[in-house]
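Annotated features in TrEMBL:
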{"type": "DOMAIN", "residues": "1-151", "note": "domain 'Glyceraldehyde 3-phosphate dehydrogenase NAD(P) binding'"}
{"type": "BINDING", "residues": "32, 119, 315", "note": "NAD(+) binding site"}
{"type": "ACT_SITE", "residues": "151", "note": "active site, nucleophile"}
{"type": "SITE", "residues": "178", "note": "site 'Activates thiol group during catalysis'"}
């Protein structure tokens with residue numbers, strides 16, 4: 001499968017690097033309104049958080065070469081104007097952070113792509129698919145605009161699935177302590193549609209509503225759609241997030257029973273996707289982790305039938321894996 005990327009920010013670049021290790025598809029084109037091939041290559045090679053890249057990107061004319069694969073670069077302003085059809089692109093990873101609704105995402109289909117994977121908890125995709133939980137719901141004949149939920153949704157989904165399978169779940173509240181990103185004003189206060197998000201991210205704890213995240217989890221767990229709520233606290237950390245998950249269980253359980261269920265899930269159904277640790281760690285210890293969710297067993301607590309768990313994740317590398325896994329799913333389905 002031939003893949004295009006719209007938006008070469010941190011998510012787009014992380015996915016691009018993850019794609020180098022996937023033989024089932026190739027990134028052949030990138031569109032970004034703000035970046036030249038030279039700028040893209042520089043950002044691929046040098047990263048303030050992750051350091052120098054092991055595989056160096058170079059520039060040849062209007063193309064960036066990464067991992068020996070030449071990738072065409074364009075700067076078209078809207079999805080409809082990107083010549084995906086001429087470039088032979090089958091699937092577009094939409095990672096600009098600007099286009100979430102199906103009405104705008106269909107522009108990629110009009111421009112020649114067959115499928116769109118939006119790197120967000122989109123409000124109205126054809127399907128929200130979380131690998132390991134509901135990938136069997138994907139229907140290639142009906143689902144052309146797909147959301148894999150967001151990084152927080154992917155951290156929470158295996159937690160909810162594990163608790164449901166072992167104890168039953170009546171309701172869930174999530175609070176993600178989230179590293180700040182490009183959606184924030186990083187240093188200075190600035191105008192923003194969400195006044196809190198316009199405040200300087202580097203010196204504040206910023207509370208944010210995450211309705212898109214909880215809605216997408218409701219798509220994955222329809223029976224819990226009216227029983228999942230949450231919020232985020234954006235903090236001055238560059239990478240690495242923790243999610244507090246408070247779940248009302250249907251049956252009584254002990255801390256030991258809950259942790260045992262997650263040890264089993266991490267070595268079974270969610271092996272490689274759900275991690276488990278009983279070490280005394282902090283957020284920077286999870287930078288580079290490829291699991292989408294890592295349970296911190298030391299922090300599991302119970303109050304009556306309410307379980308509180310904390311899971312960690314790298315909000316870029318882990319989510320890049322989610323995107324790559326979902327592309328593979330779509331490619332395999334034809």
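For all residues, glycine too, the Cβ spot is worked out from N, Cα and C.
In this structure, the residue listed as 'active site, nucleophile' is part of a helix by DSSP. For the pair formed by residue 178 (site 'Activates thiol group during catalysis') and residue 119 (NAD(+) binding site), distance between Cα atoms is given as 17 Å, rounded to the nearest Å. Counting Cβ atoms from all protein chains shown, residue 315 (NAD(+) binding site) has 26 others lying within 10 Å of its own Cβ.
Put simply, of the binding-site residues 32, 119, 315, the one whose Cα is nearest the Cα of the residue listed as 'active site, nucleophile' is 315. Across the residues annotated as binding NAD(+) (32, 119, 315), the two Cα atoms farthest apart lie 22 Å from each other.
Within the same chain, residues at least six positions away from residue 119 (NAD(+) binding site) with a Cβ under 8 Å of its Cβ are 11, 12, 15, 93, 94, 95, 148, 150, 319, 323.
Less than 8 angstroms from the CB of residue 32 (NAD(+) binding site) sit 6, 7, 8, 9, 12, 40, 73, 75, 96, each of them six or more residues away in the same chain. Over all protein chains present, the Cβ of residue 178 (site 'Activates thiol group during catalysis') has 21 other Cβ atoms lying within 10 Å. For the domain 'Glyceraldehyde 3-phosphate dehydrogenase NAD(P) binding' (1-151), the model's pLDDT averages out at 97. Reduced to three states, the DSSP call for residue 178 (site 'Activates thiol group during catalysis') is strand.
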